[in-house]
């Protein structure tokens, strides 16, 4: 049996998980990969910093050149996160004809085209990135292998455990957003700076990767519509429940008539739908293929061992294919003919919560604005105590174009203090 040496770039949460799995499951990994896989080098920023696992200090380095110039290292496993220096290290590793495994969703979303182009230019280099989307869920392998004979029509997912935990806590315990966020931080689900999670960036990067895989179109990440969960209130959660919905932060991608639709935003979904029952920090991704129909992948989307499991799976995949030509390097195609559907042309049902001046004629004025923009109201309720002459009115619309909703909101805002748009949430009934 041959020996295969890998280098870990980073020994934080995920890096330590990878090291634990490679050590604890050494025998079964050897049997499945055909190689004795050994960690030959580990790159860290600070050699004196306490580490979550005990490692041989002789293999720990702060110098990337110790790894790139080591001919015995065959696979570089990037677990640093962020764009730089991770991108530079990966590109240099490819130039040295070292195979790359990464868990870096930001890097693959923003720089995936560059990484794949470099691998094609050099030749013979495998690139694997299963752990960049949904942690331990084998969604990338599923799309690239098991579903490769399908035309994927739609992908919808809950792919950020932090926001899903927050929304679950708000629903189950009646917490405010701020209270639920604090709890998530105390339990380690949310970072001290939670912006990437709660503003939807993390979900955005993962959706960008999924759309590239599903529709063979690398959409520029900054063109995808993104909205986080910071505007969701206890009241929104309660009203959604009254209408038979739950609120989830969804990543939605589809291809219709040659156009890609990609968006990230809070969404009301029927309480009985499988995605509505994905709670706490769990993730789930639903795919619709023209042959296979509807599928759902479910599991833990983060954590040292779930994410480490995906990384180790990629290492084994590289080992099993060392003598084969790399595949999948054309999946991130930037220059094909598919266009991104403009968000203003997206159609959805909507939940609108307006704080309005409670006087005769208010509803008539609201109705006339909706009618002017061809928005049909499915139902409405008045909610909350009357404060300073103002009250909340909640509308559920029939399906309407995003542009029409935005124009209506602008019309309300132009009427001054009489109307305040408190929140807008799109509704997905999966019809």
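In case you wondered, yes, glycine gets a Cβ from its N, Cα and C as well.
Taken from TrEMBL, the feature NADP(+) binding site applies to 9, 10, 11, 12, 13, 14, 15, 16. Per TrEMBL, the feature NADPH binding site maps to 105. What TrEMBL records for 191 is L-homoserine binding site. The active site, proton donor annotation in TrEMBL covers 206. Feature annotation from TrEMBL assigns domain 'ACT' to 351-426.
Note: the Cα of residue 10 (NADP(+) binding site) and the Cα of the residue listed as 'NADPH binding site' are spaced 15 Å from each other.
Comparing Cα positions, residue 9 (NADP(+) binding site) lies closest to 105 out of the recorded positions 105, 191, 206. Within 8 A of the CB centroid of the NADP(+) site residues 9, 10, 11, 12, 13, 14, 15, 16, the other residues of that chain are 8, 17, 18, 19, 79, 80. Here residue 14 (NADP(+) binding site) comes close to 79, 103, 131, 304, 307, 308, 311: these same-chain residues lie at least six apart in sequence, with C-beta atoms under 8 angstroms from its C-beta. Long-range Cβ neighbours of residue 12 (NADP(+) binding site) (same chain, at least 6 residues apart, Cβ-Cβ under 8 Å): 52, 79. In sequence order, 19, 42, 44, 51, 52, 53, 55, 60, 79 are the residues near residue 11 (NADP(+) binding site), counting only same-chain partners six or more apart with C-beta under 8 A. In terms of C-alpha distance, the listed recorded positions 105, 191, 206 place 191 closest to residue 13 (NADP(+) binding site).
Ranked by Cα separation from the residue listed as 'active site, proton donor', the binding-site residues 16, 105, 191 are led by 105. A count of other CB atoms within 10 A of each Cβ picks out 15 as the most crowded of the binding-site residues 10, 15. Taking the Cβ of residue 9 (NADP(+) binding site) as centre and 10 Å as the limit, one finds 25 other Cβ atoms among all the protein chains shown.
Mapped onto three states, the DSSP output places residue 9 (NADP(+) binding site) in strand. The Cβ neighbour count for residue 191 (L-homoserine binding site), using a 10 Å radius and every protein chain shown, is 13. The highest number of surrounding Cβ atoms within 10 Å, among the binding-site residues 13, 16, is found at 16. Residue 191 (L-homoserine binding site) is 18 Å away from residue 16 (NADP(+) binding site) when you measure Cα to Cα.
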